[in-house]
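To keep things clear, I will list the structure first and then write my remarks on it.
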Amino acid sequence: MRMNEPVDAQPAPSFLPMSRRFRGYLPVVVDVETGGFDWNKHALLEIACVPIEMDTDGRFFPGETASAHLVPAPGLEIDPKSLEITGIVLDHPFRFAKQEKDALDHVFAPVRAAVKKYGCQRAILVGHNAHFDLNFLNAAVARVGHKRNPFHPFSVFDTVTLAGVAYGQTVLARAAQAAGLDWNAADAHSAVYDTEQTARLFCKIANAWPGPV
């Protein structure tokens, strides 16, 4: 042992901490279900968020899911065809929908906590066709004048691109199956289910990719 070497010196970890792995951004998977395709015209109806966590070996895993059903914002439209696809029943007695501001507060709080936990600067949205989700999220933030949006305003990680490179698949169901994940078509088009499956897909790809040193 060298004279100046600390007795209890530990080897440096072979992976970057979360705060440095993605340039200070914490990946957070988001999925929204909506009343159509136009974020300035159609209502936001469901949202779910899953922060990506890191274990002591530097491997990624999905964190806890935060989700909310939303009361359609006044003046926005809902295309009946969208409800047919999602299966959302707006007047269901157990929907327990929140106003937009309350719903955003509900899902943003654990995201901010995860950003703080890992010493990151802010969250970066991960999604399948991620800009669709980000545009609806940003539109809702603007409508209610939310001042504590933890997400980067325009940058995303899109699992369409990642899965296309990793597995040659761009449809979420096919990409998940190519990654060896289970897929239940009956549960698809729920914000919670799609978010959790996208989070598993992102972790599977990210864990297979050697991080920077």
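Positions of Cβ are set from backbone N, Cα and C atoms, glycine also.
Among the features that Swiss-Prot reports, Mg(2+) 1 binding site is placed at ASP31. What Swiss-Prot records for ASP31, GLU33, HIS189, ASP194 is Mg(2+) 2 binding site. Annotation comment: Swiss-Prot describes 28-202 as domain 'Exonuclease'. Residues or ranges marked as site 'Important for substrate binding and specificity' by Swiss-Prot on the basis of sequence analysis: PHE37, PHE132, PHE154.
In the predicted model, residues of the domain 'Exonuclease' (28-202) average a pLDDT of 97. PHE132 (site 'Important for substrate binding and specificity') has ASP31 nearby among the binding-site residues ASP31, HIS189, ASP194, counting only those with a Cα within 10 angstroms of its own Cα.
Under the three-state DSSP scheme, PHE37 (site 'Important for substrate binding and specificity') falls in the coil class. Sequence-distant neighbours of HIS189 (Mg(2+) 2 binding site) (same chain, 6+ residues apart, CB-CB distance under 8 A): GLU33, ILE85, THR86, GLY87. Checked against the residue listed as 'Mg(2+) 1 binding site' by C-alpha proximity, the recorded positions PHE37, PHE154, ASP194 yield ASP194 as the nearest. In sequence order, VAL32, GLU46, ALA48, THR86, ALA188, SER190, ALA191, VAL192, TYR193, THR195 are the residues of the same chain, not among ASP31, GLU33, HIS189, ASP194, whose CB sits within 8 A of the CB centroid for the Mg(2+) 2 site. When Cβ neighbours within 10 Å are tallied across all protein chains shown, the highest count among the binding-site residues ASP31, GLU33, ASP194 belongs to ASP31. Looking only at other Cβ atoms within 10 Å, the busiest spot among the recorded sites PHE37, PHE132, PHE154 turns out to be PHE132. You'll find the Cα of PHE37 (site 'Important for substrate binding and specificity') roughly 17 Å from the Cα of ASP194 (Mg(2+) 2 binding site). Taking the C-alpha positions, the distance from PHE154 (site 'Important for substrate binding and specificity') to ASP194 (Mg(2+) 2 binding site) comes to 21 Å.
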